[in-house]
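Asks: Pasting in a structure now, in structure tokens, and then I'll have a few things to ask.
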Amino acid sequence: EVKLEESGGGLVQPGGSMKLSCVASGFTFSNYWMNWVRQSPEKGLEWIAEIRLKSHNYATHYAESVKGRFTISRDDSKSSVFLQMNNLRAEDTGIHYCTTGFAYWGQGTLVTV
């Protein structure tokens, strides 16, 4: 059974920082690109960050709205992906999900700024 479990959300003041984590199981994590997406009433579903494989030197890509503020990383030995979020803004509020190329999804973690 594939599982993705996010954690680390909560309430933070504007300008603050927060780190989200996602632990995966049930598939070979190191073989999958990983993404963070978020959902809010205002913007709907919004892709925010992607990290590729070791063979791609863990290349990362970001939505313009978070570039320079958010950093995605992964630890294949722990089947985990992370999202460090700095200088948070009200518009970053939403449920944040980790996903493997949109095939598998976690339950999400709510970030409120």
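Using the three backbone atoms N, Cα and C, a Cβ is placed for every residue, glycine included.
Quick paste from Swiss-Prot:
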type	residues	note
DISULFID	Cys22-Cys98	disulfide bond
DOMAIN	1-113	domain 'Ig-like'
Asks: List the same-chain residues at least 6 positions away in sequence whose Cβ sits under 8 Å from the Cβ of Cys98 (disulfide bond), in sequence order, or say none.
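Replies: Within the chain, Cys98 (disulfide bond) has Cβ neighbours under 8 Å at Leu4, Glu6, Leu20, Cys22, Ala24, Met34, Asn35, Trp36, Val81, Leu83, Trp105, Gly106.
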Asks: Neighbour count, 10 Å Cβ-Cβ cut-off, for Cys22 (disulfide bond): what number do you get?
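Replies: Cβ-Cβ neighbours of Cys22 (disulfide bond) within 10 Å number 24.
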Asks: Note the mean pLDDT of the domain 'Ig-like' (1-113), expressed as a whole number.
Replies: 96
Asks: By DSSP assignment, list the helix, strand and coil residue numbers for the domain 'Ig-like' (1-113), in that order.
Replies: 12 helix, 58 strand, 43 coil
